[in-house]
Amino acid sequence: MVGAGVLSLPYAMSELGWGPGVTVLILSWIITLYTLWQMVEMHEMVPGRRFDRYHELGQYAFGEKLGLYIVVPQQLVVEIGVNIVYMITGGKSLQKFHNTVCSSCKNIKLTFFIMIYASVHFVLSHLPSFNSITLVSLAAAIMSFSYSTIAWTASIHNGVIEDVQYGYKSKSKAGTTFNFLSALGNVAFAYAGHNVVMEIQATIPSTPEKPSKGPMWKGVLVAYIVVAFCYFPVALVGYWIFGNGVEDDILVSLQKPKWLIAMANMFVVIHVIGSYQVYAMPVFDMIENLMVMKFNFQPSTMLRFVVRNAYVAFTMFVAITIPFFDGLLAFFGGFAFAPTTYFLPCIMWLAIYKPKRFSLSWFTNWICIVVGVLLMILSPIGGLRSIIIKAKTYKFYS
């Protein structure tokens with residue numbers, strides 16, 4: 001559940017300000033926990049049937065074709081978007097590790113570090129299923145908790161920087177507004193687990209006496225408690241220490257103690273290696289199914305080899321082309337994460353359970369839908385503007 005988006009939360013706070021920032025963080029935590037509970041409940045709402053994929057639930061709620069058209073593109077954009085951002089995160093963290101450990105070494109461009117990070121996935125992507133990446137995922141979970149803790153404790157150790165400023169960075173009203181919208185997308189990106197929750201719950205054994213939603217909900221609660229312990233201290237302490245001068249990745253702002261910052265960056269690399277695989281698995285599943293069912297390819301090791309390597313190469317190429325961490329986070333956070341995380345489960349809930357109009361459930365779901373739709377419309381605008389501004393001065397494939 002803890003994504004690399006946690007590293008951008010202090011930066012998001014700097015563009016939101018104290019009051020709106022804390023409100024957005026808490027509201028996002030509550031809304032996404034509620035929608036995740038809905039998905040866990042809906043997994044086995046039909047006796048004798050399990051919705052093992054997000055799109056299967058969508059098809060049940062909206063109809064065979066419409067459900068597919070609504071959910072699959074959204075889910076694919078989320079998963080591919082996360083994989084692209086994690087390519088950049090892995091490359092940036094490797095670069096920071098290299099520069100911290102060997103400050104006198106020759107400067108190596110980010111492009112090469114992204115390629116080094118991608119090389120791991122050309123191997124790991126051939127693991128057969130979710131269960132086979134359990135150890136990778138466990139390592140990633142430990143790492144994410146560790147580097148989040150290092151991020152805020154090292155910030156406190158660093159102390160509040162001289163002449164710290166908490167006002168908005170942009171001097172114009174338009175710039176402040178766009179940055180605010182972009183920051184909303186950054187926060188949305190941090191809450192990203194919904195897109196693979198069905199696939200994860202599908203791996204839990206289930207019987208009528210002991211349905212999978214029991215252990216799954218316990219897991220979700222533990223995950224969300226860990227999320228709170230990681231997200232809130234990083235966001236609040238990072239902003240308090242660095243003010244509006246904080247980098248889009250908090251670990252880039254930190255300089256000392258050197259050995260701890262180097263270790264934290266290596267933890268990030270290990271974490272995004274595991275997380276990349278968690279989000280890539282459903283994409284592999286979709287592409288391979290499409291190749292076999294639609295284009296009549298024979299299921300084979302060669303098909304797997306070509307599809308998976310081509311996908312890793314594609315995400316690597318896009319990451320090298322537009323390595324703008326905060327802009328991409330905001331764009332994908334609003335455009336794809338807001339629907340699948342904030343309001344699509346609520347629409348499905350209303351369509352399937354049909355709660356009484358003006359009841360508590362009806363009101364709660366409609367509030368989440370309104371918040372989610374506003375997020376989806378507004379935050380990609382800020383993210384896209386950020387990418388365009390950075391692209392003006394960036395030398396592509398330099």
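Glycine too: its Cβ is placed from the backbone N, Cα and C atoms.
Taken straight from TrEMBL:
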DOMAIN    1-382  domain 'Amino acid transporter transmembrane'
TRANSMEM  16-37  transmembrane segment
TRANSMEM  66-89  transmembrane segment
TRANSMEM  110-127  transmembrane segment
TRANSMEM  133-152  transmembrane segment
TRANSMEM  220-242  transmembrane segment
TRANSMEM  262-284  transmembrane segment
TRANSMEM  305-325  transmembrane segment
TRANSMEM  331-353  transmembrane segment
TRANSMEM  365-388  transmembrane segment
Taking the transmembrane segment (16-37) as reference, which of 66-89, 220-242, 262-284, 305-325, 331-353 has the most Cβ pairs under 8 angstroms? 220-242
For the transmembrane segment (133-152): best-contacting stretch of 66-89, 110-127, 220-242, 305-325, 365-388, by Cβ pairs under 8 Å: 220-242
Ranking 66-89, 110-127, 220-242, 262-284, 331-353 by the number of C-beta pairs under 8 Å to the transmembrane segment (305-325), which range is first? 110-127
Hey, does the transmembrane segment (66-89) touch the transmembrane segment (331-353), meaning at least 3 C-beta pairs closer than 8 angstroms, sequence gap 6 or more? yes
Can you name the far-off residues of the same chain, 6+ from the ends of the transmembrane segment (365-388), with a Cβ under 8 Å from a Cβ of it? 27, 31, 34-35, 178-185, 188, 322, 324, 326-335, 338-339, 341-344, 346-347, 349-350, 355
When you check the transmembrane segment (66-89) against the transmembrane segment (262-284), do you get at least 3 Cβ pairs under 8 Å, counting only pairs 6 or more apart in sequence? yes
